[in-house]
Ligand code: IPD
Ligand code: CA
């Protein structure tokens, strides 16, 4: 494959995300007028609508027409066993936050990621009900455009502050759609240690707050912006994460994978500046925002310290 024009890929993806955003808002208006109920996938906490499917079709057809040599992985057509090829690959969630979409809670978006040479190099996230557009291209920074501030603003929006410990952190975590007892036990234990007052809860980290927004992509975008500090989730897929990791990395953040992968990466410093296929496809993700340097500690060293602190507190499990 000849070298790609990545700027053209980004411009195309932004235009496509806006078209998909219109399909999502028109689709919601129609559903609300008609009073349509959502279908379920694996259980009642895993929803699917005709708008997810129609939006994926729209996006896939446009990509295939423009870039016929590229691979495509989309939530609604994926088998779950996909791998990332060497050439261009589009990794798309037509609606991330389908539960929010169905309920009219505005935190849902189209998420368009793109990998090249097996790495996320471009990401576009567009939340049509908020009119927030996040995008990034490897080596060119991450940006936010909103209706109120239409000139692209570089992310993070403010100079990164230090993060002395988990006590100063707002952490995003989700309940997910797998509600089996063993999964809930692991999550409850993790919530307990993260929230707990160390004077009363063994190993308590007493984080400032926990948020469950219901869209992996918008959480990653919020970390890139600097308004959430940490995001931890097991069980999401590459289409939930690809665009977000590309945007977050360009905003100085970092995404790591399972505890085992991360302990090796921490030893070799290999998690900065890249999200390898083992992490992207690995379904276990921990992301941390850009952290400001202090005279005592660089931002990178602080990210590593917080990753260790976080992984000491939580219980890992294998997703179904
Ligand atoms: C979901 C969202 C949610 C996460 C779920 C995902 P979907 O994506 O990203 O935040 O907790 O695990 O499935 O199903 O709305 O595309
Ligand atoms: Ca989805």
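Placed from the backbone N, Cα and C atoms, the Cβ positions cover glycine too.
The candidate list 75, 82, 119 contains one residue that TrEMBL assigns to the Mg(2+) 1 site with 95, 96, 240, namely 75.
When secondary structure is read from DSSP and collapsed to three states, residue 93 (Mg(2+) 2 binding site) falls in the strand class. Taking all protein chains in view, 31 other C-beta atoms sit within 10 angstroms of the C-beta of residue 95 (Mg(2+) 1 binding site). In sequence order, 74, 75, 110, 111, 217, 239, 240 are the residues of the chain that are 6 or more apart from residue 93 (Mg(2+) 2 binding site) and have a CB within less than 8 Å of its CB. Packing around residue 96 (Mg(2+) 1 binding site) is summarised by its Cβ count: 30 other Cβ atoms lie within 10 angstroms of its Cβ, all protein chains included.
The least crowded of the binding-site residues 75, 240, judged by other CB atoms within 10 A of its own CB, is 75.
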